[in-house]
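Asks: Pasting the relevant annotations from TrEMBL:
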type	residues	note
REPEAT	172-202	repeat 'PPR'
REPEAT	203-237	repeat 'PPR'
REPEAT	305-339	repeat 'PPR'
REPEAT	375-405	repeat 'PPR'
REPEAT	406-440	repeat 'PPR'
REPEAT	507-541	repeat 'PPR'
DOMAIN	722-813	domain 'DYW'
Amino acid sequence: MSFPLLASSTTLPPPPLPAAIPGQPPSLAQRIHIPSHIYKHPTAILLELCNSMKELHQILPHIIKNGLYNEHLFETKLISLFTKYGSLDDATKVFDFAKLKVDPMYHTMLKAHTRQSTVDSSLSFYSRMRYDNVTPVIYNFGYLLKACADTSDVLKGKQVHAQLILHGFSDNLFAMTSVVNLYAKCGMVGDACKMFDRMPDRDLVCWNTVIAGYAQNGMSKRALELVLRMHEEGCHRPDSVTVVSILPACAAIGSLRMGKSIHGYVYRNGFESLVNVSTALVDMYAKCGSVGTARLVFDKIDSKTVVSLNAMIDGYARNGYYDEALIIFQRMLDEGFKPTNVTIMSTLHACAESRNLELGQFVHKLVNQLGLSSNVAVVNSLISMYCKCQRVDIAAELFKNLKGKTLVSWNAMILGYAQNGCVMDALTLFCKMHLLNIKPDSFTMVSVVTALAELSVLRQAKWIHGFAIRTCLNRNVFAATALVDMYAKCGAVHTARKLFDIMGDRHVTTWNAMIDGYGTHGFGKEAVELFEEMRTGHVKPNDITFLCIISACSHSGFVEKGRYYFKIMREEYSLEPSMDHYGAMVDLLGRAGRLGEAWNFIDNMPVRPGLNVYGAMLGACKIHKNVDLGEKAADKLFELDPDDGGYHVLLANMYATASMWHKVAKVRTMMERKGIQKTPGCSLVDLRNEVHTFYSGSTTHPQSEKIYAYLETLLDRIKAAGYIPDTDSIHDVEDDVQEQLLKSHSEKLAISFGLLNTSAGTTIHIRKNLRVCADCHSATKYISLVMKREIIVRDMHRFHHFKNGVCSCGDYW
């Protein structure tokens, strides 16, 4: 048996929005006589007590059975309940079937449309109301304006605003507050402010609306100024809503002092017990870098919500306390809270930065269980996490299957490829994006430029620089900083400095990129001069700046300068050294041959030394042939990471440099037993849009015969100029075989290829995946002298500029 009230019905197509009907004053709802036996009927009482859709469906058969479905009271009540419980379709069927449609029915239906349907549907129903000569009430416009604001549909919002004015509500406080909210949420803060200023009377809700509008649209200072203006005018005292609106503004401008002042106001006015206020305080303190205070506020919240937990997780993650963030996340799960998309994204950020792949994969499973696998923002976070955890293959699969990719998705995948050394994949994806007419932004540019910096091909660097200029993205400070870094990493450090000099606005990362560029090129003097210039300016050095300048001093042998900078880092700038800073100091002392001082420095460290610290010590011991300290460093390294192949190779090379061949054999046997493979040395050279790769002793290149023949002649010429092969690292073979092994090193093959295929005077750029060996370093100096060529070699640590028989490193590398 079908229920006629819920039968489908056809509604008239709504006409366009009409103008107000002149001369028709707003009227009270029509009074309808309802017989007592109707409103006293048990079914009517059941409807009054109904608390859920389930109960409503249980009551419906009683309405049908008793023939009450045509009664006005039941029609009105059913419309109200269906809309209340989110069933607009059922409410529409009841409404369309009703013979007597009174104004309150229309108002209820319009409210339901604005909350449960689209803006177009809501406006169509409003048009039907006007077509049926129903006079709008003020709340109709409030609902419509809110619907437009929530969807950022400013054009339709303006139509509703016009209707509001036509119906004489332009002086109504409630209506105009809704208008202010519309323009603020649509990003038209100027228009919102105009509406606000024109209002003859303003209540606290209106003030809060415009303050929130400024805060949410990135105009934090203006939001705070409005609060002061409200206080000065003496009309209203800020309430908890005001506080929740302005605390994010304090966080946005990093004003901890202002945030503390507001916290004092919260305490004096008894708002601390409100969870939303305490949560906003947690968020403000964390974003201002005071994560300890954020935790104190968090711990005082009696009834924590998902939002407050999210604020603490995000606060820890954004301040680098990744383990603590993950502990809060685990606690959240243990206490039975259901994570939201915000929880998941903050937790994935912590997993990514701490390289916690195992927990990241657990969160990925949780994403599927929560039904968030189609949420683009969540999938973007998963892509970033997998890329940071070096599982770019899984990230690429997620990206491939993602529907509704946003620009953030493309940026995350391009950057992920760049960070994992998949340079060509990054460039291919960028080109595909360009073909699909997806407009890049500054983040895209930073990602692509990062990839090209790793490729270290000057021709490609110039291409992307031109693209940035054509799209005006070179004006963005972060894109311009990435270009400075890229040119430095492509060997064109002077071009990098030119870009640096013409930048009007320089971020701290810009200074860091230029100082680091000078350092890796061995231009320590220039790095120090630039750092001193930075200290006198308005941009304050950060921890990365000090890492860059100490490393620059290390590469150039400026031991005392490096020590001085390490000292003032804490004393003048209140920056605590990280493990990277300690590693840089050991490298500084060790490269200079001060091995005893370096070891004492390690012994006196306030924290347990990490891999990089002992790795720097072992590298210095290899350079200076100090086997005793080198073995002590190696023992510590293998305690921390027994399976790191690089340190095994470094130890073997140290023994080889000291001609301790039996120990070399012992290390190699250990490597074989552990299954550790030595990374084969390779050198790359770019020529005519193609990158040519050479491995030591390889004969697979199409020009191999020419290259080896040319190399024989070249070696004879440099020997005549004074080159003597360095055979210290080779043993157990005859002298002529030693030379044969040395001459087939990848750098020599790449340089020979470059000389064969370029015209006289052309600079040759070589990239090496390992540290340049002593013999190749010596040979390249002589080649630059004999062939009158500049040769720029980028190895795993730094740049070497060979010209006229001299290297920019001063043989200090």
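Here the Cβ of each residue, glycine as well, is placed from N, Cα and C on the backbone.
Predicted, not measured: the structure shown is a model, and the values here were computed from it.
Provide an account of the burial state, proximal residues and distances for the features listed.
Replies: The average pLDDT for the repeat 'PPR' (172-202) in the predicted structure is 88.
Long-range contacts of the repeat 'PPR' (203-237) within its own chain (CB-CB distance under 8 A, at least 6 residues past either end) are made by residues 173, 176-177, 180-181, 183-185, 187, 189, 192-193, 196, 245-246, 248-250, 252-253, 258, 269.
Same-chain neighbours of the repeat 'PPR' (375-405): 341, 344-345, 348-349, 351-353, 355-357, 360, 363-364, 367, 412-413, 415-417, 419-420, 422, 425, counting only residues six or more beyond its ends whose CB sits under 8 Å from a CB of the stretch.
Taking DSSP states H, G and I as helix and E and B as strand, the repeat 'PPR' (507-541) has 26 helix, 0 strand, 9 coil.
Residue counts for the domain 'DYW' (722-813) by DSSP state, with H, G and I taken as helix and E and B as strand, are 35 helix, 16 strand, 41 coil.
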Asks: By DSSP, how many residues in the repeat 'PPR' (375-405) are helix, how many strand, and how many coil?
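Replies: Here the numbers are 23 helix, 0 strand, 8 coil.
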Asks: What else in the chain is close to the repeat 'PPR' (406-440), if you only count residues 6 or more beyond its ends and a Cβ gap under 8 Å?
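Replies: Distant contacts of the repeat 'PPR' (406-440): 376-377, 379-380, 383-384, 386-388, 390, 392, 395-396, 399, 446-448, 450-452, 454-455, 460, 471, 473.
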